Amino acid sequence: MSTSRLRDFSRIVFFTGAGMSAESGVPTYRGAGGIWKEYDYRRYACQEAFVRDPEAVWEFHNYRRGLVARCAPNLGHQIVARSGRRSARVTVVTQNIDGLHALAGSSEILELHGNLWRVRCDTCGVKQQDGHVVREVLRCDGCGGWWRPDIVWFGDYLHEPTLDAAQAAIAACDLFVSIGTSAVVYPAAYLPEYARKAGARRVEINPDETPASELYELHLRGPATEMLTRLADGDAELLA
Ligand code: APR
């Protein structure tokens, strides 16, 4: 059975989770060193906490910004970005908020859970995109209210147009590569189902098995950088 390279596919979707950025030094949420082991998201990462104690939410948010600001895209991000220049069409559907896919040069990126570096004021209906820095000004200059991190917290709805675009890209792809997600948070965790229905080749890159593993035809059990290198070099048994 001949193997195919990434460039042999015309429409690729890379579906990424926190494991994609683990080798850049960004902590994952669950598993060893997971951030939710150290911080209770009910105190630091939900609308209720933001209303109750915005200072604590901003302290946690700026802590994460400070940490991620020191992280750079890894070889995996670069392979994904490079394949976007070689293959007919590549879409990155990411649960990550760290901005590392964009830094690596990927162009078509759908951020399902928002962006660590963007804030919004729900009173004035405005957004601001910051650089990769902690934020000093925490109150909106228009109304004096708190800037809200523009990320999807637990209990929030996803941005419908972004989710629709992700579903459409996956429904049209011929290769779906999931990288570094525990597949436990919905509706993102349902997206591989669209790839199965589309008859796309489905690859799961994760050192561990996940509840979604049975949906995939090929499981590359290792770190993202090593497994993406194998995939890009055609060393993985990607059925033709
Ligand atoms: N390469 C590939 N995968 C890795 C690596 C690595 N180097 N290191 C860890 N992983 C895998 C873990 O085995 C795990 O399955 O990455 C996954 C990370 O899982 P989570 O921490 O749960 O991250 P994610 O799936 O992105 O979480 C989804 O949950 O808390 C919310 O909004 C948050 O977007 C996040 C969502």
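Note that Cβ sites are derived from N, Cα and C of the backbone, with glycine treated the same way.
On a predicted model such as this, the values are computed, not experimentally measured, just so you know.
For reference, TrEMBL has these:
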- His113: active site, proton acceptor (ACT_SITE)
- Cys121, Cys124, Cys140, Cys143: Zn(2+) binding site (BINDING)
- 1-240: domain 'Deacetylase sirtuin-type' (DOMAIN)
Taking the centroid of the Cβ atoms of Cys121, Cys124, Cys140, Cys143 (Zn(2+) site), which other same-chain residues have Cβ within 8 Å of it?
-> Asp122, Thr123, Gly125, Val126, Asp141, Gly142, Gly144, Gly145, Trp147
What Cα-Cα separation, expressed in whole Å, is found between Cys124 (Zn(2+) binding site) and His113 (active site, proton acceptor)?
-> 21
Which residue, of the recorded positions His113, Cys121, Cys124, Cys140, has its CB surrounded by the fewest other CB atoms within 10 A?
-> Cys124
Three-class DSSP assignment, Cys143 (Zn(2+) binding site), comes back as coil
Cys143 (Zn(2+) binding site) to His113 (active site, proton acceptor) - Cα separation in whole Å = 26
Among His113, Cys124, Cys140, Cys143, the recorded positions whose C-beta sits under 6 Å from ligand 1 | His113
Local backbone state of Cys124 (Zn(2+) binding site), from DSSP in three classes = coil
Expressed to the nearest Å, what is the distance separating the residue listed as 'active site, proton acceptor' and Cys121 (Zn(2+) binding site) at their Cα atoms?
-> 17
